Amino acid sequence: MNIEQLQLKNYRNYEMLDISFNDRLNVIIGENAQGKTNLMEAIYVLAFSKSHRTPREKELVQWEREYAKIEGRITKRNQTIPLEVMLSAKGKKAKLNRVEQRKLSNYIGALNVVMFAPEHLSLVKGPPQTRRRFIDMELGQIQPTYIYHLGQYQKVLKQRNHLLKQLQRRQIQDKTMLAVLTDQLIQHASLLLERRFVFLDLLRQWTTPVHHSISHGTERLEIRYAPTIEVSESANKEKIESMYTTKFHELQKKEIERGTTLIGPHRDDMTFYVNRKNVQTYGSQGQQRTVALSVKLAEIDLIQSEVGEYPVLLLDDVLSELDDQRQSHLLDTIKGKVQTFVSTTNINGIHHETLREAQLFRVENGTVDT
Amino acid sequence: MYYPEPISKLIDSFTKLPGIGPKTAVRLAFFVLNMKDDDVLDFAKSLVNAKRELTHCSTCGHITDQDPCAICQDTSRDGSIICVVQDPKDVIAMEKMKEFNGKYHVLHGAISPMDGIGPEDINVPDLISRLKDEEVEELVLATNPNIEGEATAMYISRLVKPSGIKTSRIAHGLPVGGDLEYADEVTLSKALEGRRDL
């Protein structure tokens, strides 16, 4: 799929913008603080209806303006589809084919985006929530109902934590409601875990060969998922449910003492091993970057295999962070099939033949010149 | 101060209603000024009477002008089956259907620890004592199909289970008369989950 056209209104430092893109490589050049990342972020918001940089949507609206609007025209399976995300103090509206979508899960997935920004280099060494977020976002793109179930899980979790706090403070004694919320939580937790297992399987399938090739056949990457219960990844939902039930039963006293839910998908983690060594603790900077890159590249193929179309790739300020060899591996992979947006301060750092067919955009203080 | 006090007070009152913003409130207030005196008086009386004469039925919790309410008093209705709902409006929705001939119990809310609402804050204790006093065979749990409504239904079902009274939960999924292709993924997956043998 491609983004043909993007229109911004009152978005961050863009008062008004209307640009059309090349269906291959688009290079966005500009000094720091001119709006390169804002432009990339706008495409991201168009896909996910939220930003990867901030949870506060107010920041996306230009200073002293009522609303911000992002409109895009994408092509997907030879069809042109208009998308629109509008953000204001009253909330946000997402329109697909000019029809407002009340449920986020009906909107997300229309435009598939893989973003690679400097913060993604920390996928390996960062805190566990970085990795959980990665799984949730990617899974949500290929399976819209996952987002709904994740939302439901988080709601039950919040209710349950409140109840555990009340039990901890002895404001209530009766544990019937705890049992109800535990059952409800297990229902959603098992569903999430089962889907994450399937996703992990796909991720491994696509990541291992990519990593093998980037490392010139010297490294073997292994991805392990660490759930808070001991269960095999091939287990079905019923099996997962019964494991959770046993574990929650064991932990009940401790959970009340601590006043919070101690197990569940919101506490799971994922670890990367290269040649049987944990990259997070023993890997070099370079190895950690290679792993992050492999995972991101694998995502492109994973989405293609699940959705049937290549996603749009956003490379925000990362090309310069990679050495020549990794850079060319990345550009070779996407050559001719993935619409790509690259932002950089200096184009001289990129040597690759794909650059010849690229369209250049110069960003200066919220305006774009082609 | 743009408005004389009587009208600004009226505007203020209108904004207290749900779905009425400041602009609509101004429009409504000025409309009232142009209404016939009798109409305004009737309007004011209905407001006061609705509030003064309506109470909650001491048996089922439904809004009523007589206690117990007309439904609870109706001997032709089947008292062995009770439909548990969250809101008086839900009773009216069920009644419109004209197919349910049992009685009701209105909870006035759902259990939500986050908002500090426990079982005793909604009409649950009354329901339990009702089950002891009356000959009830089945509870139809018709709370809303969201997290809180679901949890409330599960809670009541657990509480009632030892007594041997049957509990059932209303189905959710596709709307009747709708087209499958227009259903969203979540509703569709719920419908698939709740499929039954033919």
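Quick reminder: no glycine exception, Cβ is built from N, Cα and C everywhere.
Record features (TrEMBL):
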- A:3-348: domain 'RecF/RecN/SMC N-terminal' (DOMAIN)
- A:Gly30, A:Glu31, A:Asn32, A:Ala33, A:Gln34, A:Gly35, A:Lys36, A:Thr37: ATP binding site (BINDING)
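Minimal Cβ crowding within 10 Å, among the binding-site residues A:Asn32, A:Gln34, A:Thr37, is found at A:Asn32. According to DSSP, A:Lys36 (ATP binding site) is assigned to a helical segment. The ATP site is defined by A:Gly30, A:Glu31, A:Asn32, A:Ala33, A:Gln34, A:Gly35, A:Lys36, A:Thr37, and by the 8 Å test on Cβ atoms against their centroid, the other residues of the chain that qualify are A:Asn38, A:Thr345, A:Val363. With a 10 A radius on its CB, A:Glu31 (ATP binding site) counts 13 other CB atoms from all the protein chains. The Cβ neighbour count for A:Ala33 (ATP binding site), using a 10 Å radius over every protein chain in view, is 10.
Least packed by the Cβ count within 10 Å, out of the binding-site residues A:Gly30, A:Gly35, is A:Gly30. Counting only same-chain residues six or more apart in sequence, the Cβ atoms lying under 8 angstroms from the Cβ of A:Lys36 (ATP binding site) belong to A:Ile28, A:Ile29, A:Gly30, A:Asp316, A:Asp317, A:Ser343, A:Thr344, A:Thr345, A:Val363. Taken together, the residues in the domain 'RecF/RecN/SMC N-terminal' (A:3-348) have a mean pLDDT of 91 on the 0 to 100 scale.
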